[in-house]
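Participant: Before anything else, here's the structure in question.
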């Protein structure tokens, strides 16, 4: 496995470089010369990216060695499953508050809160006490929820409401984030491997490195973002004003009322539009199995001695390959639609879990086959996320998107928690171990969930087969002719 991992990372990185050059040749840059040439926008974008990319880097550093750290502390696999469940349960509990806190504390202050809570989460990894580690997982759940919403909320508010930049410029910033994010993930695996294995500092070292990174992120938020708000004014944290239709009066909504209204409108949209409901089902099924995969990949491969940081980088590089293939597939040369790519991604994920049910047979593990299946799953993820993001933008009304996505995340985390609890039960009941029957059964359950997700996608496009809004702009003419 050692040679396989190093060979795989070299091949995958070379493939990424080749696909990037091919994608640039086949997909010319979007026509946003005004945004690129605007010095005020570029300065504002740079201020945001400095903080956000540091936060993402600190988050990725914690990926490769979390399970390994708990095993290093001699916890059983069933105990580790409970720790993961605590983190997911915290995500479920704190997800609503992650949308409410910025309206109460302010967006910048909530980003600072993220830096503090995530640093505390990392420092708990120094303790071998199970209760302290549970507290750390709860803090991690809160921090993950804040990372998923607060930074982007600050950026979008400042972009639109303060600087009054065109809305069409927003994707240019988040395209940069997506590009950098894959590179950060691959680099985080390499750095974590350097610290934990090459320098023999142990699996806690990447978590300790994340703390100064979060400190730098907080400093940028405190200074650069504070200076930016001082120059432009922090108007966005005031209560929203809504004009009364009948009286012409002004109603002031508190943060709690705004949050409640957003949730109600999101639920109403989810229940009234079958397309939104089916898309939410796809997201819940697909992404919940990813949480189970995050828990299981280490115990499946670690007994065979691979460098976990390098394996993590391989997985992230495979995801990058998938995102580059998505760009090529939807280019004007190949004309594939995001819905077709989404179906392909789910089929690949199903085949990956199907492979894993055979490569994790108790007593007959095939780690190379499992590694290949994990790479295929990450390749599917690289195709899935841009495709589902495109469909969300077309199916869910923009003003209701935050509330709807909050409801999407609820079943997602609950399904993942139930899966890990079921795995914990099988391990505890059988005295199982790495690659045991519980692991194999869980992969089989994930394959069934992928089939359910595929049925939901087919239903979605059967329902919307004549809906040109779900097609890419450049291919609408073809769809109408058909």
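Glycine is no exception: its Cβ is also placed from the backbone N, Cα and C atoms.
Since this is a predicted model, take the numbers as computed values, not measurements.
Here's the feature list from TrEMBL:
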- 1-18: signal peptide (SIGNAL)
- 42-61: transmembrane segment (TRANSMEM)
- 81-101: transmembrane segment (TRANSMEM)
- 138-157: transmembrane segment (TRANSMEM)
- 207-226: transmembrane segment (TRANSMEM)
- 276-297: transmembrane segment (TRANSMEM)
- 309-329: transmembrane segment (TRANSMEM)
- 341-359: transmembrane segment (TRANSMEM)
- 371-391: transmembrane segment (TRANSMEM)
- 403-422: transmembrane segment (TRANSMEM)
- 442-463: transmembrane segment (TRANSMEM)
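Quick one: how deep are these features, and who are their neighbours?
Facilitator: Using a Cβ-Cβ cut-off under 8 Å and counting only residues 6 or more beyond its ends in the same chain, the signal peptide (1-18) has close neighbours at 186, 301, 304-307, 310-311, 313-314, 317-318, 320-321, 324, 367-368, 371, 375.
Sequence-distant neighbours of the transmembrane segment (42-61) (same chain, 6+ residues past either end, Cβ-Cβ under 8 Å): 36, 111, 114-115, 118, 122, 144, 147, 151, 154-155, 158-159, 163, 165, 172-173, 176-177, 180-181, 184-185, 187-189, 191-192, 206-207, 209-211, 213-214, 216-217, 220-221, 224-225, 228, 316.
For the transmembrane segment (138-157), the list of distant contacts is 48, 51-52, 55-56, 59, 86-91, 93-95, 97-99, 101-102, 107-108, 110-111, 113-114, 117-118, 120-121, 124, 170, 173-174, 225, 236, 402: same-chain residues at least six beyond its ends, Cβ to Cβ under 8 Å.
Packing against the transmembrane segment (207-226) from elsewhere in the chain are residues 47, 50-51, 54-55, 57-59, 61-62, 65, 69, 108, 111-112, 115-116, 118-119, 122-123, 125-126, 154, 191, 195: each is 6 or more residues past its ends and has a CB under 8 Å from a CB in it.
Sequence-distant contacts of the transmembrane segment (276-297) (same chain, six or more residues past either end, CB-CB distance under 8 Å): 63, 67, 80-81, 84, 88, 269-270, 311, 315, 342, 346, 349, 353, 374, 377, 381, 384, 388, 391-392, 395-396, 404, 407-408, 411-416, 419-420, 423, 439, 442-443, 446, 449-450, 452-453, 456-457, 459-460, 463.
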Participant: With the transmembrane segment (309-329) as the reference, find which of 341-359, 371-391, 403-422, 442-463 contributes the most Cβ pairs under 8 Å.
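Facilitator: Answer is 371-391, with the largest number of Cβ pairs below 8 Å.
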Participant: Could you tell me what the rest of the chain brings near the transmembrane segment (371-391), counting residues at least six beyond its ends with Cβ under 8 Å?
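Facilitator: Distal contacts: 1, 4-5, 8, 12, 178, 279, 282-283, 286, 290, 293, 297, 301, 306, 311, 314-316, 318-327, 329, 338-339, 341-342, 344-346, 348-349, 351-353, 355-356, 359, 470, 472.
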